[in-house]
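**Student:** Just passing along the structure, written as structure tokens.
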Amino acid sequence: MPVGWRLTISKCCPIPQRYVLAIMGFLAVVNAYAMRVSLSIAITEMVKPSNSSSENNYEDLCAVGKTNSSHNNAVKNPDILYDWDEPTQGWILSAFYWGYLITHLPGGILAAKFGGKYTLGLGILSTGIFTILTPWIVIMTHGNWKWIVALRVVEGLGEGTTYPALNTMLAQWVPVGERSKIGSLVYAGGQIGTIVCNLISGQLITATEDWASVFYLFGGLGIVWFIFFQLLCYSEPKHHPFISDREKQYLEKEIQCVSDKTPPIPWKALASSVPLWALIAAQIGHDWGFYTMVSDLPKYMKEVLRFDVATNGLWNSIPYAAMWIVSISGGWICDWLISHRYMSITVARRFFTAFAAVGPAIFIMAASYAECNTTLAAWMFTTAMGFMGTFYCGMKVNALDLSPNFAGIIMAITNGIGAGAGIITPYLTGALTGEHTVIEWRTVFWISFVIFAVTSVIYSLFGSGEEQWWNNPEKIDKNTTVINLDTKQFQRKEDRKTITSL
């Protein structure tokens, strides 16, 4: 593009391009989560109503004063209702995370080599297409759950590149002093996506008496986002045709620790890094609690608290609104504490991560002891998710602290391992809650409590906010084994000899 045109366009766009990327990154996560959790509300209206053997046991089941679960379905057409038991629903809800886990590391490697723009964009696009195809697959197979599991795995494969690609782009675009704010904004898209999906899905299913409308809406929005993202965003500032010279020079000065070339990945250093293992532990703890809420809270509110789908959608959205507010405000507070030197980066990451684990652990348990007091239980869940909001300015942006050069790889490792919780929790919950009772669900929440507590202690002891020595390729120990992404060869620094080819 001619320099004159570039200067004209940059002057017509007063918003710095890193903020444009932040907004589009935020919308990427919004769409990713909306497509991911759309099934969590929809599945409550896709399944034929069942009668629990404990239907009249008030102590275990909130039956008094609530609509019977056999008659509160918004979808009345029996031809699009399917006989899926609790374990089967668990398989369907967890299937997404099988694919999601697989593409994390490849997504991080691809983003490091080719840039995050296409890795992120194509992942969201593919998920959008398969989300739109979901109703057709379900109806054409007459609700064969194995086909639905396969479809959800494919959707997960597309979305697994989201966080590694985003982290790679943020490392190139976000200065140290803005990491908590911008990182919290971008990653808080998960809450907004969940809020929008839950709130709209309940009303949409009630209005149309058809669960398919949810998949058409959110799949279509994912495709629209892809078009705008490809037009507006670029992987690195130096490749952006509309960035102002002032902003480019500022970013070059502020982000000097990011290598201009694709550095080899120091796998041995990564595997032996204590702060990285602490980060993995914190990610597992958060994901266990978060995925329990995302996948199974709609079922709890319908099966135990006996909410209809519209009320279910409303009360499922409120906790994530609280989480979003806390995550945004927490990001500003965290950056303020660090910039004014009231906290070091390490102390801030540990404090806010612990805050995001202890609060949810306590209040999720409290919700189960509220039993059939539906208002109190709903507000306990809301408080729990509000505490969880500080996770984003705590350990979620920690990969950018440890290693800007390998932020995408670190996100792939941590988020990929954490995604294992998304595989386990829906099936485990289904296996433990066959009778839909408060007592059964309390066991589920106690498990989350223990995992929150243990992982929080690990990160509080061993987590770090300091840049690691292996971020700089020139400082990598001569005996460290690396993979060169350009030559696709294993190498040792001591002799530069090729050991074996991939």
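Cβ coordinates come from backbone N, Cα and C, glycine included.
Automated prediction, rather than curation, is the source of TrEMBL annotations.
This is the feature table in TrEMBL:
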DOMAIN    17-468  domain 'Major facilitator superfamily (MFS) profile'
TRANSMEM  20-43  transmembrane segment
TRANSMEM  91-111  transmembrane segment
TRANSMEM  118-139  transmembrane segment
TRANSMEM  214-234  transmembrane segment
TRANSMEM  314-338  transmembrane segment
TRANSMEM  350-370  transmembrane segment
TRANSMEM  376-394  transmembrane segment
TRANSMEM  406-424  transmembrane segment
TRANSMEM  444-462  transmembrane segment
**Student:** Across the domain 'Major facilitator superfamily (MFS) profile' (17-468), what does the pLDDT come to on average, as a whole number?
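**Tutor:** The average pLDDT of the model in the domain 'Major facilitator superfamily (MFS) profile' (17-468) works out to 85.
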**Student:** Report, as numbers and ranges, every residue of the chain located at least six residues beyond the transmembrane segment (314-338) whose Cβ falls under 8 Å of a Cβ in that stretch; write 'none' if there are none.
**Tutor:** 41, 177-185, 187-188, 191-192, 194-196, 198-199, 202, 293, 297-298, 301, 307, 344-345, 348, 352, 378, 381-394
**Student:** Tell me whether the transmembrane segment (350-370) sits in contact with the transmembrane segment (444-462), defined here as at least 3 Cβ pairs under 8 Å among residues 6 or more apart in sequence.
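**Tutor:** Contact confirmed: at least 3 Cβ pairs fall under 8 Å.
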**Student:** Report, as numbers and ranges, which residues of the same chain sit near the transmembrane segment (444-462): CB under 8 Å and 6 or more residues beyond its ends.
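**Tutor:** Contacts of the transmembrane segment (444-462) (Cβ under 8 Å, skipping residues fewer than 6 from its ends): 274-275, 277-279, 281-282, 284-286, 288-289, 292, 296, 350, 353-354, 357-358, 360-362, 364-365, 367-368, 395, 428-429, 432-433.
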